Amino acid sequence: MNNFFQGYNLLFQHSLFASYMDWFHAFNCSLLLGVLVFVTLLFGYLIFSTFYFKSKKIEYQFGELLCSIFPTIILLMQMVPSLSLLYYYGLMNLDSNLTVKVTGHQWYWSYEYSDIPGLEFDSYMKSLDQLNLGEPRLLEVDNRCVIPCDTNIRFCITSADVIHAWALNSLSVKLDAMSGILSTFSYSFPMVGVFYGQCSEICGANHSFMPIALEVTLLDNFKSWCFGTME
C-alpha cells in the first residue's frame with residue numbers, strides 16, 4: 001500500500017532523511033485509508049442494526065470497546081516511526097565534518113565554507129544567453145554550492161536583508177533565512193548529483209529569480225574543486 005502512495009509524489013527523494021519522511025507520509029496515508037474504511041463499515045453496521053433491531057434493547061459494549069482500542073492502536077502505529085525519525089534527525093545534528101554558511105540577499109545567495117579559509121562566493125541565476133545545453137531555465141546558477149557526498153554537512157542559514165527561505169524540495173530541506181538569526185541544520189547526502197531549489201519566501205520583485213543549485217560530488221572531486229576555486 002505504501003508503494004501506491006509513493007507513486008503520487010511530486011518529486012523523488014534523494015537523501016536518507018527525505019526517503020524516511022517519504023515513507024512515513026505514505027505509511028500515514030495508508031493508515032488514514034484504513035481508518036476511513038473501518039469507520040464507513042462501522043457506521044453502515046450501526047445504521048443497519050438500528051433498523052433491524054429497533055424493537056429490541058441492545059447495548060453496544062463491544063462497539064464501545066472497539067472504538068476505544070482502535071484509535072489507541074492507530075496512534076501507537078504513528079508514534080513509533082515518528083519518534084524514530086526524530087531520533088535519527090537528532091543524531092544528524094550531533095556532529096558535522098563541514099560547515100557551510102548560506103546568506104540570502106536580494107536576489108542572490110552567498111556561500112562561505114567556514115572550515116576552508118578564503119572559500120566564499122556569490123551565486124546568481126544564469127540569464128538565458130549564459131545557459132549551456134541541458135541546463136534548466138530559471139534554476140541554473142553561475143556558481144553552484146558544491147559539497148561531498150556521504151559527509152555530514154552543517155548548514156548555517158541567515159539573511160543580509162529581508163526574510164528568505166533556502167529550500168530544496170527533492171531533499172526535504174527548507175529553512176528560513178532571517179536577518180540577525182543564524183538557523184542551523186545538519187544533513188548527509190548519499191547520492192551524487194545536482195539538486196535545484198528556489199527561495200520559498202516572497203522577498204521582493206525578483207523573488208522568482210533566486211534559484212539554488214547544490215552539487216553533491218565525490219570527496220576527491222570536492223577537494224579538487226576547492227583548490228580550483230581558491231586559485
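Positions of Cβ are set from backbone N, Cα and C atoms, glycine also.
Of the residues Met191, Met210, Swiss-Prot puts just one in the Cu cation A1 site with His164, Cys199, Cys203: Met210. Remark: Met210 (Cu cation A1 binding site) has Gly104, Trp107, Tyr108, Trp109, Met125, His164, Gln198, Cys199, Cys203 as non-local neighbours, by Cβ distance under 8 Å and separation of at least 6 in sequence. Mapped onto three states, the DSSP output places Met210 (Cu cation A1 binding site) in coil.
Secondary structure by DSSP for the topological domain 'Mitochondrial intermembrane' (86-231): 28 helix, 63 strand, 55 coil. The Cu cation A1 site, placed at the center of the C-beta atoms of His164, Cys199, Cys203, Met210, has further neighbours from the same chain whose C-beta lies within 8 angstroms: Gly104, Gln106, Trp107, Val162, Ala165, Ala177, Gln198, Ser200, Glu201, Gly204, His207.
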